[in-house]
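Enquirer: Annotations for this protein, taken from TrEMBL, read as follows:
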- 1-40: compositional bias 'Low complexity' (COMPBIAS)
- 1-42: region 'Disordered' (REGION)
- 50-71: transmembrane segment (TRANSMEM)
- 98-120: transmembrane segment (TRANSMEM)
- 140-165: transmembrane segment (TRANSMEM)
- 177-195: transmembrane segment (TRANSMEM)
- 207-224: transmembrane segment (TRANSMEM)
- 230-251: transmembrane segment (TRANSMEM)
- 318-336: transmembrane segment (TRANSMEM)
- 356-381: transmembrane segment (TRANSMEM)
- 427-449: transmembrane segment (TRANSMEM)
- 455-475: transmembrane segment (TRANSMEM)
- 487-507: transmembrane segment (TRANSMEM)
- 519-549: transmembrane segment (TRANSMEM)
- 558-584: region 'Disordered' (REGION)
- 565-584: compositional bias 'Basic and acidic residues' (COMPBIAS)
Amino acid sequence: MSGARAGSRAGAAGVARSSVPSPEPSPESSSTPGTAGGAVVPAPRGRERFVARAATATAVLTGLGAAAGLLRDQIVASLFGADGATDAFLVSWTLPEVAATLLIDEAMALVLVPAFSLALARGGRRGVRDLLRATFPRLLLVLACAAAVCAAAAPLLVGALAPGLPDPGLAVDCTRLTAVTLLTFGAAGYASAVLRAHRCFLPPAAVYLACNAGIVGTALALHGPWGVRAAAAGVAVGGLLMVLVQLPSVLRRTRRPAGPAPAPRGPAGPGGRALLVVAGPVALFALARQAQVLVERFLASGLPPGAISCLNYAQKVAQMPMVLALMICTVTLPLVARALADGDLERARRRVERDLVAAGVVVLLGAAYVVAYAPQIIHLLFQRGAFDAGATAATAAVMRVYALGLLGHALVGALVRPFFASGRPVWFPAAAMLPGLLVTAAGGLAAVGPFGAPGIAAANAAGITLTAFLLLRGLAARAVPVDTGRLLGRFARLAGAAALAAAAGWASAPSGASPLPALALGCVVVPAVFAAGLRLSGVPVVPPVASLLTRVRIPERRSHHVRGKARETARGKVGGKPRETEAG
């Protein structure tokens, strides 16, 4: 899956889990202090550290999953190159991409994590089991029917998604193999929501490692007799592994304990209809964002064989700086959600502005490096086996254009999360995606003829940048009162520094040399020129970035009187000695 979704996956779950009440002790849970419904509840003064550690661990595993995805792309490129066969596979890859976006990364996490957290808080394990019984069988039935329909309608899907493919029959075979992911990815996303509600983060964060392992293993084992169909079969195997890697943890946290069931303290959680109301806007936003990829592949299907593959490889590699940028927001956005839940808009504003600027620094530095050294990067990663020098040149040209939209992609991923943190239906993000999608479609249609695949990439960059601007304006008006003018000014100065760094790196890159020394030189030249550009532009970004590396807790400004009362509340006197109150 793409790096963008890898970053949003952990962040969305972090926002969701912080916007609901912490679970309370339940008779159905163990009697160990500090637990509730099977979930560990940290003491109030340690919650920020707990969230930071959990989110950081999630971000690390997310990064490993993204790296595994890059390894997967390397192996697929080495085995099959960038031609009509890989184009056919990538058309079939559309189904797992859409399934991952809707059922794992965004919609499922933003809807089910709050629902299960609320059920756990009000009814303990019994509440979780009640919600599971009410929703999971129906979801599996719907997803199984959807998978069967997509497999049966594979010829129609391929014709609609990529009408210009030279070998549509191969794409149909691959699509029928990947259609099963609608069922397995849905089950994996559901399991992830259950575990995150129980504050269990590592198995959900490892699902993409498992999926990519299945793809790589199957492709290596069967590429001889099956060709590119082996990669599609690997997607089906990977989806099953995503479920299996979480199943033991889910069973441990949902099994029925011995003894009589306690009476629930209130409604266990929202019903299916309420979940659908909240899920609608999230799903529409996710589909609108994913539609950008569908538009690109539709337009590229009429280009010479290999164009879709070049677009795919360029996008996956170029998005790596965005993954790093969104990891910053992954660590801090749960605290933003808590500030919003507390009604402290000023605290949320400060944190959001700091995070956006820090993410902008990271993604623009990475974009400058990608623009300067795109041929060397693609050569080092992919140029072997069936992936020749011509494919390297074509992919590098597209990647340089894609990099122009990296800031927009990162900002969309960061800005959308505060909108959905409240747990209420919010339609503005989906509405903001539509103008950007229209720009991508119209611009791509106009540019694909004269410019080919780079023209499609340019339209993508323009469309996502427009959406980022609309979301920034909408966030200030509807959710968090950020200073839009000041942020836009800082982004403009950051972009200027990145342009200087990219130009310096491009000029210093030796032509025709081995890629590794050139890339090593770029690791010195690009950051040095970027830092000099920041100093000249006067952007105050060093303190926010440094603070993210040292701490994530937002200090609360309180008077001496309030701090004293808080200490008295947290301490009691028993026999003249202080004692700690109960955690949670």
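In case you wondered, yes, glycine gets a Cβ from its N, Cα and C as well.
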Enquirer: Counting only residues 6+ away from its ends, which parts of the chain sit with a Cβ under 8 Å from the transmembrane segment (455-475)?
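Expert: Beyond its ends, the transmembrane segment (455-475) has Cβ neighbours at 292, 296, 299-300, 311, 314-315, 352, 398, 401-402, 404-405, 407-409, 411-412, 415-416, 418-419, 428-429, 432-433, 435-444, 446-449, 482, 484, 487-488.
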Enquirer: Are the transmembrane segment (140-165) and the transmembrane segment (177-195) close enough that 3 or more Cβ pairs fall under 8 Å, when only pairs 6 or more apart in sequence count?
Expert: yes
Enquirer: Same chain, outside the transmembrane segment (140-165) by at least 6, Cβ under 8 Å from its Cβ: which residues?
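Expert: Here the qualifying positions are 84, 87-88, 91-92, 94-95, 103, 171-172, 175-176, 179-183, 186-187, 294, 297-298, 300-303, 308.
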